[in-house]
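To start, the structure itself, in structure tokens.
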Amino acid sequence: MDGLMTAVVKQYHKEGADIVKKEIPKIGPDEVLIKVKATSICGTDVHIYVWNEWAKSRIKPPKTMGHEFVGEVVEIGENVTSVKVGDLVSAETHIVCGKCRACRTGNAHICENTLILGVDTDGAFAEYIKVPESNVWINDKNIPLEILSIQEPLGNAVHTVFSGDVVGKSVAVIGCGPIGMMAIPLLKRTGAAAIFAIEPADYRRELAHKLGATRVINPLREDVVSIIKSETEGYGADVVLDFSGNPTAIRQGLEYIAKGGRMSILGLPDNEVPIDITNNVVFKGITIQGITGRRMYDTWYTVKGLLKSGLAEDLKPIITHTFPLTEYQKGMELMIKGQCGKVVLYP
């Protein structure tokens, strides 16, 4: 397909991004061209926009931003057989090699040669995006576009929540950004006994309560450890899920986690996190898990089933703002201030 399209591009090594006109991507024999119908803003996009230290070390401008999306297939390569023009699709954002040890042992989500849409390759903040056929996920057309556009981060939440048992457990959710928020209805739907949402932003605490948290805690004003201990008969939380990457919050989590408990960490700390391994890990007999992305493609099938069973309706309050793609800056500002849930853009 020839022609120009509108895209949000990180053009320079500095804060911000630009709306530009650029050529519609040309696909190869194993690729698919997708017309983007909706795309959502991720925390990674914010990092790239504000140009933090991670972005400076990873991003090579010019780069079209964005990686969470839903769209319609408009062109397929000559070797493509599993996708057809007209399919409503999203995409796994980790483009993997399929040849390294991780890929060959069922751990493609931690492929040693991963490329990420909107980070290493041009992304979805555009009218069109190209992706490998192997990354395309065919959607259920009965699910709203806004919900389909957030399946990638929802997959992160699903991977984190279900990396262990949560049924009948007391669960602490650290950080109620969009992915942390998604964990709450997941936990509620699957039978967690208590859900503690730990979040400093007033807006997000209110939304966490609306989504089903049994107790919301402001860590800047309340004693998180005492509250969780007192509401779990002194035992502590069976499961601690960190979506914040905040070193203080992670250390606190190790204080209020129950003996034999599980901590799963998706959040990315900016600095090293000193912890008391002897008393809070070894003597407590806990398990600490690092979570990266989505298990490919187990997590996607789980997401599909959950959305079909009613989770799509549960998630609607998380999408708090929508804008045309050309007004992406409004969404970025809301994300930076923590005054939103999920922000969806329409090209």
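Glycine is no exception: its Cβ is also placed from the backbone N, Cα and C atoms.
Quick look at what Swiss-Prot lists:
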ACT_SITE  Thr44  active site, charge relay system
ACT_SITE  His47  active site, charge relay system
BINDING   Cys42, His67, Glu68  Zn(2+) 1 binding site
BINDING   Cys97, Cys100, Cys103, Cys111  Zn(2+) 2 binding site
BINDING   Ile179, Glu199, Arg204, Leu266, Gly267, Leu268, Ile291, Thr292  NAD(+) binding site
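Over all protein chains present, the Cβ of Thr292 (NAD(+) binding site) has 14 other Cβ atoms lying within 10 Å. Most other Cβ atoms within 10 A: among the binding-site residues Cys42, Cys100, Cys111, Leu268, that distinction falls to Cys42.
Of all the recorded positions in the list Thr44, Cys103, Glu199, Leu268, the shortest Cα-Cα distance to Glu68 (Zn(2+) 1 binding site) is found for Thr44. All protein chains considered, the CB of Ile179 (NAD(+) binding site) has 26 other CB atoms within 10 Å.
Look at the binding-site residues Glu68, Glu199 and count other Cβ atoms within 10 Å of each Cβ; Glu199 has the fewest. In sequence order, Trp54, Ala55 make up the list of same-chain residues 6 or more apart from His47 (active site, charge relay system) whose Cβ falls under 8 Å from its Cβ. Shown in sequence order, Cys103, Cys111, Glu112, Asn113, Thr114 are the residues of the chain, 6+ apart in sequence, with a C-beta less than 8 angstroms from the C-beta of Cys97 (Zn(2+) 2 binding site).
With every protein chain in view, the residue among the binding-site residues Cys103, Leu266, Ile291 whose Cβ has the most Cβ partners within 10 Å turns out to be Leu266. Most buried of the binding-site residues His67, Arg204, judged by other Cβ atoms within 10 Å, is His67. With Gly267 (NAD(+) binding site) as the anchor, the candidate recorded positions are Thr44, His67, Cys100, and the one with the nearest CA is Thr44. Closest to Ile179 (NAD(+) binding site) by Cα-Cα distance, out of the binding-site residues Cys42, His67, Cys100, is Cys42. In terms of C-alpha distance, the listed binding-site residues Cys42, His67, Cys100 place Cys42 closest to Glu199 (NAD(+) binding site). Of all the recorded positions given, namely Thr44, His67, Cys100, none has its Cα within 10 Å of the Cα of Ile291 (NAD(+) binding site). It is 9 Å from the Cα atom of His67 (Zn(2+) 1 binding site) to that of Thr44 (active site, charge relay system). Reduced to three states, the DSSP call for Cys111 (Zn(2+) 2 binding site) is coil.
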